[in-house]
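S.K.: Here it is: the structure, laid out below.
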Amino acid sequence: MTAPIYEDTRDSIFLHFYDRDTTKSLDSRVLQSSHDISSIYTARHSEVYSTFDPNYDGDSTILEDDSPYPEVRAAVANTDDPTMPSSTLRAWTLGVIWAVILPGLNQFFYFRYPSVTIGGLVAQLLIFPLGRLWARLCPDVSVFGVDLNPGPFSIKEHVLVTIMATVGAQSAYATDIIAVQRVFYHQTNSFIYQWMLVMSTQLIGFSIGGIARRFLVAPASMIWPNTLVSCALFNTLHSQNYAGVGQHEGISRERYFTYAFVAAVLWYIFPGYLFEALSVFTWVCWIAPTNVKINQIFGYRSGLGFSVLTFDWNQIAFIGSPLATPWWAEANVMIGFLFFYWFLTPILYGLKYTNVWYTQYLPVSSLMAYDNTGRSYNVTRIITPDASLDLAAYHAYSPLFLPASLVTSYGLSFLSITATVTHAVIHFWHPIRLHFKRSLREQPDVHAQLMSKYPQVPEWYYGCIFVVTFTFACICINVWPSGMTVWALVIALLISLVYIVPIGMIQAITNRQVGLNVLTELIIGFMIPGKPNAMMMYACSCFTPLLITQSDLLSHSFKTYGYITMSQAMQFTADFKLGHYMKIPPRPMFWCQIVATVIAGTVQLGVQSWMFENIPDICDRNQKDNFTCSSTEVFGTASIIWGVVGPKLLFSKGNAYYILAFFFLIGAACPVILWLITRRYPDTILNYLNFPLIFSGLDDIPPATAVNYVPWALFGFLFQYLLRRKHFAYWAKYNYVLSAALDAGTAIGVVLVYFCLQYPQNGSIGFHTVRQWWGNKVYKETMDWQSTPLLRPEPGEVFG
């Protein structure tokens, strides 16, 4: 038997193991108390912790048989009943049904802005009464030895069904490639190609995530804050009692959730239909709708967003629930936002005498690339008849110009790419090396000890999944005209493999993911030296004539296998952690994720095909129901930058954005400098700074804007700092329940509003009445909504 203690080093936040005969047991080192002290993220070095851990509350008492993190204690039970049924016929039947419904709905809303991801919280709520109904009405009989009604609907069954519903719930990124082929090429490839493409991109990430689980799931410090919301809701619905809730007199969690959920559903009718200006609350722009400077400062669509307010939870939680992310992580994100978007971007835009990169001729914030007349970049003018980049035509027509916010976004991506590497080397190298030598059953916290009783999934299971899906990928890129090659596929997967553990550790601690999209675009941009192949097609009406080439598709395919493989691995790993907290046996977890992913991807392909056939003007910027395909527009701009023009003409020496190349060096240096400072001054507040998080926390811009970040941070400060510090018992009992209620209620409200008021009768309900009143039009009648720049060249003149 072993006992965990912490080694006296600052490069690890993981438990190390020593023989009980040579070290003191944990029993003599913990503080003897049975209640939490109301405090907030002191993260000092305790008797147990000799390393700095930003999520660990140094003033809070540690219970020997529970997690050292108050967030985990507030949401997760520290007990298990191994006899409780989980993998039952009832669970699998409900899981398959929801693996059809939820991915289908999310695929439907994927092309809408603001998009709504209907996640596990909605599934949890609706699955619960269905499971109870099954237990009440289904006869207690067996078919081929399998019980149709194994008794009361258990919490473990509930978790298994929810994981099946959510593991493939988000729109598969590979469907974007298929959408691009359909919209830009007007091609519809065979279903087998589409299916193999989706399966390969989704399940390769699953195999990688499974192999990395020993680093990202078992250690107690990998808390995965977002999963705690689901845990709190599961325990609330099943009336589970567990330690760490805190002693707070008040209504039950069940009643609290019900009130908040109903209120969220009803409230969404206002910002979602009756008074849409509450969602885009650019109140200063309404006062001066024709003042360009005012609109650029206070506007949300193309401005800096100093209006601050929104009354739409859908906007507030667009980048994730502020009630689920630790405050110190939210503060890091906002440090990046305030410096780069509310300080640096206005400087770049507002230097009147230098006019850096001529940004004053463009909107402050936009998704598009522009030419030297201030119009959308017309790529057809720089392509030769044989589909190659014509450098002479490029120089004769116009350099490519990017809005200030997009320049900042790419600069931040360059910073985060190298900052993540050096941060991982400094802080995670030792635990990564340690866990290569250890197995899951050796993890010390109570949850890992309880999970060690179940048979684990052999590593070769994940290896088999990788071989099959890698074969699918090779078939797709060789049989059909994807533009991808096997060697490029291998490089993309290696990028994902190298980054998955450090990025996973950052996400598990901070609830924010570092993206690899720009890194993969940059690499493929240099791999394709500006000579696009044939098969050109013009874009749909959402763009000024935009050329999409075979090399653009290669770029998108490379990004899919490089970036989305890692991102999908994070989704699977988060589900593993949820199963870990809820004590779901690992082998049923494995198979339910595989089956649900296959079903979900197949359903999403069908839904996407139906949408393009039945929704008029889909992907038009002015589509009446906001199916504007903002993600497709972002890809269109990226295809110009990386696929057609290429990074060599933009970021190499002597070109417009060459200075951004130095951001790689700056990003690599920042964690090193911070580490040296904290080594010299170990008790400084700078311990909380996390440069990968500061740089990558703004990855959602674009299409996200200040309306999604500032209110998010304000709510985070209120709940994750003030309320947690001043009223810890209330926070522990209700915080994650409230987050679940607001997320689920808003998602249900969006579905009801769309299918009851916007979709029927071809959208004509209220078109001449409620849809035309001031509150639904005022925010669109501004210079902000029209993306008006500060300067315009005279007719016939150019800038740059």
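Using N, Cα and C of the backbone, Cβ positions are placed for all residues, glycine too.
Got these off TrEMBL a minute ago, pasting:
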| type | residues | note |
| --- | --- | --- |
| TRANSMEM | 89-109 | transmembrane segment |
| TRANSMEM | 116-135 | transmembrane segment |
| TRANSMEM | 192-212 | transmembrane segment |
| TRANSMEM | 256-274 | transmembrane segment |
| TRANSMEM | 331-351 | transmembrane segment |
| TRANSMEM | 460-480 | transmembrane segment |
| TRANSMEM | 486-506 | transmembrane segment |
| TRANSMEM | 656-677 | transmembrane segment |
| TRANSMEM | 706-723 | transmembrane segment |
| TRANSMEM | 735-755 | transmembrane segment |
S.K.: Which residues, given as numbers and ranges, are at least 6 beyond the ends of the transmembrane segment (256-274) yet have a Cβ under 8 Å from it?
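M.R.: For the transmembrane segment (256-274), the nonlocal Cβ contacts are 125, 233, 236, 250, 310-315, 734, 737-738, 740-742, 744-746, 748-750, 752-753, 757-758, 766, 770, 775-776.
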S.K.: Decide whether the stretches the transmembrane segment (460-480) and the transmembrane segment (735-755) have at least 3 CB pairs under 8 angstroms, with pairs required to be 6 or more apart in sequence.
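M.R.: When sequence-distant Cβ pairs are counted, the transmembrane segment (735-755) does not touch the transmembrane segment (460-480), since fewer than 3 lie under 8 Å.
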S.K.: Quick check: do the transmembrane segment (486-506) and the transmembrane segment (89-109) share at least 3 Cβ pairs under 8 Å, counting only pairs 6+ apart in sequence?
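M.R.: No, the transmembrane segment (486-506) and the transmembrane segment (89-109) are not in contact.
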S.K.: By Cβ distance under 8 Å, which residues at least 6 away from the ends of the transmembrane segment (116-135) in the same chain are close to it?
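M.R.: Residues 90, 94, 98, 102, 105-106, 109, 149, 151-153, 157-158, 161-163, 165-166, 169-170, 229-230, 233-234, 237, 261, 314, 740, 743-744, 746-748, 750-751.
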S.K.: For the transmembrane segment (706-723), find every same-chain residue at least 6 residues outside the stretch whose CB is under 8 Å from a CB in it, and list them.
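M.R.: Answer is 40, 280-281, 300, 304-310, 315-320, 322-323, 325-327, 330-331, 333-334, 337, 341-342, 698, 700, 730-731, 735, 738.
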S.K.: Taking a Cβ cut-off under 8 Å, which residues six or more beyond the ends of the transmembrane segment (735-755) line up next to it in the same chain?
M.R.: 74-75, 105, 109, 116-119, 121-122, 124-125, 228-233, 236, 253, 256-257, 260-269, 272-273, 313-314, 317, 321, 323-324, 625, 719-720, 723-724
